[in-house]
Amino acid sequence: MATDFPEDLAAGYGRYLQKGYVRFREAQERLAIYGQRPEVMVISCCDSRVTPEGVFHVGPGELFVVRNVANLVPPYEETEGQHGTSAAIEYAVKVLKVKHIVVMGHAQCGGVRAFRETANAPLVTGEFIGRWIKLLEPAAIAMACMPVDKLDDPQLAMEYAGVRQSLKNLRTFPFVDAAVSAGALKVHGAWFDIGSGELRVMDPETEKFEPCLAAGADDT
Ligand SMILES: [Zn+2]
């Protein structure tokens, strides 16, 4: 077959058929027949170094994932436009009835860096990234007013603040807020360090990020 399809991908797919699919064959056949029923949604960055299924070591059907630049949740809006992340949240909460939504930030986030470096000279409004990362503006304001994590590392502080803001924005979706209030849904903040593999989870009381295994020891 004459195709420009990347050879590495084709070769990887071959390995998947031999190993990955074989490993999950039964699960995938069940998923195909009965449909997906993931209990967890993860909102993560597009960054190729941050793969939710890899970080949480799960197979097909276990995570409902949406990835976008800088793992941002926009506020609830009824304006016209293509609200991709909001559509995924709606599907997760209303149809799949997930029990948890995890917003997972990460180290060295290029989207966060773009916001920080253009804070005084934003990208032109016609560009997609510039408009998208403006969602971080309230996070920057909140961070400036917040004594928590007065860090020597402004990039890390902004990554944390972006997760906090996304969690706030999640609650502006009426169906999310209703599910949380009813106790049917929990929302969580997390942050992943690419180099060390460390995962930190946000304490909802203090809004500080703490090591996952200590914070969530009773979940294991
Ligand atoms: Zn990122």
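Counting begins at 1 with the first residue displayed.
Keep in mind that glycine also has a Cβ here, set from the backbone N, Cα and C atoms.
These come from TrEMBL:
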BINDING   CYS45, ASP47, HIS106, CYS109  Zn(2+) binding site
Same-chain residues at least 6 apart in sequence whose Cβ lies under 8 Å from CYS45 (Zn(2+) binding site): ARG67, ASN68, VAL69, ALA70, ASN71, MET104, GLY105, HIS106, CYS109, GLY111
Residue among binding-site residues HIS106, CYS109 with least C-beta crowding, 10 angstrom cut-off: HIS106
Residues close to Zn(2+) site centre defined by CYS45, ASP47, HIS106, CYS109, Cβ within 8 Å: SER44, CYS46, ARG49, VAL50, ALA70, ASN71, GLY105, ALA107, GLN108, GLY110, GLY111, VAL112, GLU159, PHE192
Number of other Cβ atoms within 10 Å of the Cβ of ASP47 (Zn(2+) binding site) across all protein chains: 19
